[in-house]
Amino acid sequence: MSSLLIDDVSMRFDLPDGEAVQALKNVTLNIKEGELMAVLGPSGCGKTTLLNIVAGFLAPTSGTISLGGKTVSGPGPERGMVFQQGALFEWMNVRENVAFGPNMKHMPRSESDGIVDHLLEVVGLRDFKQKAIYELSGGMQQRVALARCLANDPDVILMDEPLGALDALTREKMQGLVLKLWKETGKTIILITHSVEEALLLGERLLVMAPRPGRIHKEYRLPFAELGVGADLREVKKHPEFGPKREEILSMIWDMEEEIMGRAEEADA
Amino acid sequence: MIILAIYIAIFVGAYLVVRLVMSGLAKAHDFTSLKTVTFGDESAVKANTAASIISVVAVFLIWGAFTGSSLSPVHVPGPFVGDASFTYTAEAEDGSRDDATVTVRVFPVGEDVEEPEVEPGEGFAKNDAATLGAWRSTLIRVDRNDEIGKREGARVVAIDGKPIAPGETVEVASGVVTLTPKGTPNYKPAQGWQMEPIWLPPPEDVIRRIGEIAQEGYQNYTLLEHLGWSLFRVLLGFFFGALVGIPLGYAMGLSGWFRGWFEPIVEFMRPVPPLALIPLVIIWAGIGEVGKIILLFLAALWIMTIAARSGVSGVKISKVHAAYSLGASKWQILRHVIVPNSLPEIFTGARVAMGVCWGTVVAAELVAAEKGAGMMIMVASRFQLTDIVIMGIILIGVIGYGIDILMRMAERWLIPWKGRG
Ligand SMILES: Nc1ncnc2c1ncn2[C@@H]1O[C@H](COP(=O)(O)OP(=O)(O)OP(=O)(O)O)[C@@H](O)[C@H]1O
Ligand SMILES: [Mg+2]
């Protein structure tokens, strides 16, 4: 079992003016294979930092990350990343973007073509195979990014606000797609979002982080992701527990934001 | 000043006329035409084709009008040509006066004319005749054939009945007459507004020259050879500049050691105009091909280095991260992410470098060369062959413009994603 272990990770940024930001403090998490974890938290609480550490783009000041017992020391194909936007290669068409991972492994074209065709079918872009990236809408681009990540068959998929730039309708469709892919592929997924609703809908586990220093504030286990697979997500939102949970988490985040503001005012005074 | 005023008048006039004509025609209904806010929206400003055409035509029209070109339907007044005459009054020492007529035949330069025949006339002052090329002026020794000449004490005291003293000027029909300090009339026919061919030849002369030199060549080389050599030097210099500059720029964008090492050199060489290097290059490498290509290499090198470097720095970190997460090696990142991502910048740099190289090669040839566009106009200017000079300038401009258009076409074809990341 290749579970993802985040072991007592801390991250401090030393700023050039001599001050330091404690972006993460003693974060410990164990994410089992096939789990979908949503991460919520006020702006600046270290979500992106945590994801970048897991992806291997940043080395933590202390603590370790390990995947399936192997310590992470840099980026690798077993941990795929879906960015908010703008991380597609616009000099390649849709097919070439999706086939990027397989091509880097020198997979023969006959083999990679099958993977690409299948994934484009799954994300509903079969007819756009030869299109240039800049000819696609934002939602389509995110689907390409998802397919590109899946084509590499990673063990863990890391998503930093992958749907943040999309309109409400496209976003809902994409949420359904994420759930579907999660169930079909059985991948471990960590998904950062700013939307409480999205976190509730997609997060089998839901992590609420608190800022200054960035740390885990509270963790939930939720039934909605299981319910949402292949179902109408609007129906899920009508679930009797959905509304109360949303209110609970919203007010929690509000309290944190207010605390930040209060502290900022104190600092100003 | 007059030319500027005429030019502005054509500019405004053409605008009004085109607007009038256009408003009569059916309106276009593309997206831009539906925009209500166009002032300040650069994307809504498209070069008006009619304006471009009229602009080019206007330049040739003004050129033609001021050179008496046969291609231009309108002309500003030219220099006086034909027979002009004025009378002078000579006064002998004893106070007696006599009038005589001077007939001057003003002819277009380059033609052969005979001196007009005139009767000697009555009195001690005799009628004179002279020939004169247009735009020139001439001293007329009116006393030459007079019975009482200067040596006998006679003086010219009036022209066309108007009293005149040495140093003074009197207007006569179709020109002016000035009395020199020694008392000889100097006739200058009306100059008109047109330019003398030696200052500015009419367009057809220049066109004729192009045909002539294209066939016969100039200074031992045909026109095509002159231009071809200039172009060849540019391409070779640019090629080597890009060959060294692009990898150097990449290295500077990717390695701190390279950046630290070369940054002072690049930043120092960048503001040095390539023209300032010509003397040094001539000292080092002489005026042959090697020197020119070294010069153009240097002109292109820094531009391409800086373009490649900023192309690398311009890569979005999320693209690089994405590639790493997809299992790409450093080498694969360079090849599949950094290089294609930097192509737009490199192309922009290449366009600039080509322009600079073209300008530099012409300048270098002006200084010293055996062949080339710059050498051609330099030699021609020494012999006052203005038509060749203008022909050369026009061809240099056309080729430079052509290079830029080709580069832009290549850009659109090779990097269609430019500006759409
Ligand atoms: N490269 C860096 N240098 C200095 N400080 C940084 C750097 N990256 C992040 N930080 C700081 O670390 C803290 C956490 O940043 P992070 O980007 O992880 O927040 P986030 O939770 O992703 O916020 P958001 O929801 O707005 O994306 C912030 O206070 C930020 O200022
Ligand atoms: Mg973030």
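Using the three backbone atoms N, Cα and C, a Cβ is placed for every residue, glycine included.
All TrEMBL annotations are machine predictions without curation.
The domain 'ABC transmembrane type-1' annotation in TrEMBL covers B:227-407.
Annotation source TrEMBL lists transmembrane segment at B:6-26 (among others).
Taken from TrEMBL, the feature transmembrane segment applies to B:47-66 (among others).
Annotated transmembrane segment per TrEMBL: B:231-256 (among others), in sequence order. For the transmembrane segment (B:231-256), the residues of the chain that approach it from at least six positions outside its boundaries are 262-263, 266, 289, 292-313, 334, 338-339, 342, 346, 350, 353-354, 357-358, 361, 372, 399, judged by C-beta separation under 8 angstroms.
Look at TrEMBL and you will find B:268-287 (among others) tagged as transmembrane segment.
The transmembrane segment annotation in TrEMBL covers B:293-312 (among others).
The transmembrane segment annotation in TrEMBL covers B:385-403 (among others).
In summary, the transmembrane segment (B:268-287) lies against the transmembrane segment (B:293-312): three or more C-beta pairs, each 6 or more positions apart in sequence, are under 8 Å.
The stretches the transmembrane segment (B:47-66) and the transmembrane segment (B:293-312) do not meet in space: the count of Cβ pairs below 8 angstroms, excluding pairs fewer than 6 apart in sequence, stays at fewer than three. Long-range neighbours of the transmembrane segment (B:6-26) within the same chain, counting only residues 6 or more positions beyond its ends whose Cβ lies under 8 Å from a Cβ of the stretch, are 48, 50-51, 54, 58, 61-62.
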